[in-house]
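S.K.: Under the heading ATP binding site, TrEMBL lists Phe102, Gly103, Ser104, Asp115, Ile116, Asp117, Asp169, Lys230, Tyr239, Gly248, Val249. Positions annotated as Mg(2+) 1 binding site by TrEMBL: Asp115, Asp117. Sequence annotations record features per position, and here TrEMBL assigns Mg(2+) 2 binding site to Asp115, Asp117, Asp169. The compositional bias 'Polar residues' annotation in TrEMBL covers 507-518, 543-595. According to TrEMBL, the domain 'Poly(A) polymerase nucleotidyltransferase' annotation covers 23-216. Taken from TrEMBL, the feature domain 'Poly(A) polymerase central' covers 221-365. Here TrEMBL flags 369-427 as domain 'Poly(A) polymerase RNA-binding'. Annotation source TrEMBL lists region 'Disordered' at 506-595.
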Amino acid sequence: MWSTNNSVNNKENKSNQRLETLGMTSPISMASPKQIDLVRTKELESALNKFGVFESAHELNHRMMVLGKLYFLVKEWIKSVSIKCNLPESVAESVGGKVCTFGSYRLGVHSRGADIDALCVAPKHVSRNEFFESFYELLRQQSEVTELRAVEEAFVPVIKMNFDGIEIDMLFARLFQKEIPDSMDLQDDNVLKNLDQKCVRSLNGCRVTDEILRLVPNVDTFRLTLRAIKLWAKKHGIYSNVLGYLGGVSWAMLVARTCQLYPRAASATLVHKFFLIFSKWQWPQPVLLKQPANASLGFATWDPRVNVTDRYHLMPIITPAYPQQNSTFNVSQSTRSIMMSEFQIGLQITDEIMLGKTQWDKLFDPPPFFTKYKHFIILIVTSSSAKEHLEWTGLVESKLRFLIGTLERNESITLAHINPESYSMPESQKDPKTQCSMWFIGLEFQKINELNLDLTQDIQQFTENVNKHARNIHMYTETMQLEARHVRRKQLSQYLPPGVIRKERQLSLTTVKNASTPDSRKRRSTDPPATESANKKCKISCSEVNSTTFDESSNTSSLVTNDDSSNSFETSLSNTMTSSTVQSAENGPTKTVCT
């Protein structure tokens, strides 16, 4: 009897010890879920079902079939390259090669229609040039493959394709190995020996994804929580690494950190705690899932003590696999401000959900964008063919964050809010022979009387840089056009599909009506008096519009201020790398110095 109890206790102690060692600090709470938490989790799962985030068995089987075909093509290609390198056919048969997945598919949180991130791992005699030449040609010959394009000049070179209805981004890594067996463990740091930077970056996706799964206490609750946070981020327009928000791996690491701090909590509780933690997080204090390790292989890692540029990262979220990198280096002052506001709003909504005052659907209601700002910059991208347009829009999108940075440096602009969704111009407004996409940037300005603002030079510099880059990589053609226009809110109907603004207004009215309680109608201490911004006038001009007078007082957008003083559990959240901040006299970027 005693030995049985001791055995059970020993197992529990080992389990507790494992939970306590996950992450940089011990958990905030080891409490198990209550019955009401399980009920809220069931409600969350039902709400997610409405948005199609769960794939059917048929769709999952189709993905596996496509990956099987891709795996077969990789094997055959590596064999043919080996024979071309004068290896005997018997040896060429055994050199191996493999296809690994990473990202949302590997994490188990992909939704219907989502793409697959894949990595081709090849032995040392197979070059990157072969991947972008002979393997690309092999893919082009497949009847199932469409929208095939190679992006060799990218930071992480990739082949993009649609394989039998599924979007696939395929990377390449050549290991310094004669053979690549299917059983090879890519988590071993030694696989990085003698590799170039491009191969290391390509391997990083698989290594980080697997490490995240290893560092969470309960994979199932992690996955459901991450599905909810990803859907929320997409609905709220803050899911895009390339535009300066957070990408999939960054959201996964924030959720993983939440799981480490509440290792036994149900998914509903974890969603609530996610907003609680990161609405109060002391950025630029970094988020880490484990103590950074140095494999001494000579690759640069994120370390503000050594790398000066790392001190200026605004929202560092550090990948757990060597070489550790900041996954959010694209974040700007504006995008961080927007995300912090959304964290605050998410906390308010989940407070109500956990108290039973509202439903999960409210968390996934998209916030207003076109009715939030009065002034916009519209970037119009046009080209002559679908294939050309795919490449051209991809290049412009990758450069948009530089325009946001330029706008932020203008003293008259307090916020430049880029909407990640691109829109097609209405048929009545464009040439029927061209392809057209548009991005919208909402602007907030300083409350200054008679403000004169000319953005012509900033926008012209941006367009020139994009065109120059397109020429350097031999992409540019005369039919590729990039145009910027400044428009007022009342002019948006000329550019947007019918009903977009009307739908936003209806949703806003519903939200206001639901929030119209006696307490909510009282003016908060942070709200400006009604007359504060009266008679505010300024002028704005850019390359498409001459100086135009407008009334600044109708720009009613606001951000929820993060109250750092309310962080009552700061010591529980702090990582072993403590940071001090230095703010420049000109309100420049915050510097982080790790000690």
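Yeah, the Cβs are placed from backbone N, Cα and C, and that goes for glycine too.
Computed from a predicted structure; not experimentally measured.
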S.K.: Applying a 10 Å Cβ distance cut-off over all chains shown, what neighbour count does Asp169 (ATP binding site) have?
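M.R.: Counting Cβ neighbours of Asp169 (ATP binding site) within 10 Å gives 18.
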S.K.: List the Cα distance (Å, whole number) between Asp117 (Mg(2+) 1 binding site) and Tyr239 (ATP binding site).
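M.R.: Computed Cα spacing between Asp117 (Mg(2+) 1 binding site) and Tyr239 (ATP binding site) is 17 Å.
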S.K.: Given the model, what does the mean pLDDT over the domain 'Poly(A) polymerase nucleotidyltransferase' (23-216) come out as?
M.R.: 94
S.K.: Ten-angstrom check, please: count other Cβ atoms within 10 Å of the Cβ of Ser104 (ATP binding site), all chains counted.
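M.R.: The Cβ of Ser104 (ATP binding site) has 22 Cβ neighbours within 10 Å.
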S.K.: When the domain 'Poly(A) polymerase RNA-binding' (369-427) is classified with DSSP, how many of its residues are helical, how many are strand and how many are coil?
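M.R.: Result for the domain 'Poly(A) polymerase RNA-binding' (369-427), in helix, strand, coil order: 24 helix, 16 strand, 19 coil.
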S.K.: Between Asp115, Asp117, which of the binding-site residues has the fewest other CB atoms within 10 angstroms in the structure shown?
M.R.: Asp115
S.K.: Using a 10 angstroms cut-off on Cβ to Cβ distances, just flag whichever of Phe102, Tyr239 is the loneliest among these binding-site residues.
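M.R.: Minimum Cβ neighbour count within 10 Å, taken over the binding-site residues Phe102, Tyr239, occurs at Tyr239.
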S.K.: For Ile116 (ATP binding site), which residues in the same chain are close in space, meaning a Cβ under 8 Å from its Cβ, but six or more apart along the sequence?
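M.R.: Those within reach of Ile116 (ATP binding site), by Cβ under 8 Å and sequence separation of 6 or more, are Arg63, Val66, Leu67, Thr101, Gly103, Tyr105, His110, Ile166, Glu167, Ile168, Asp169.
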S.K.: Within 10 Å of the Cβ of Val249 (ATP binding site), how many other Cβ atoms can you find? Include all protein chains, please.
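M.R.: Taking all protein chains shown, Val249 (ATP binding site) has 22 Cβ neighbours within 10 Å.
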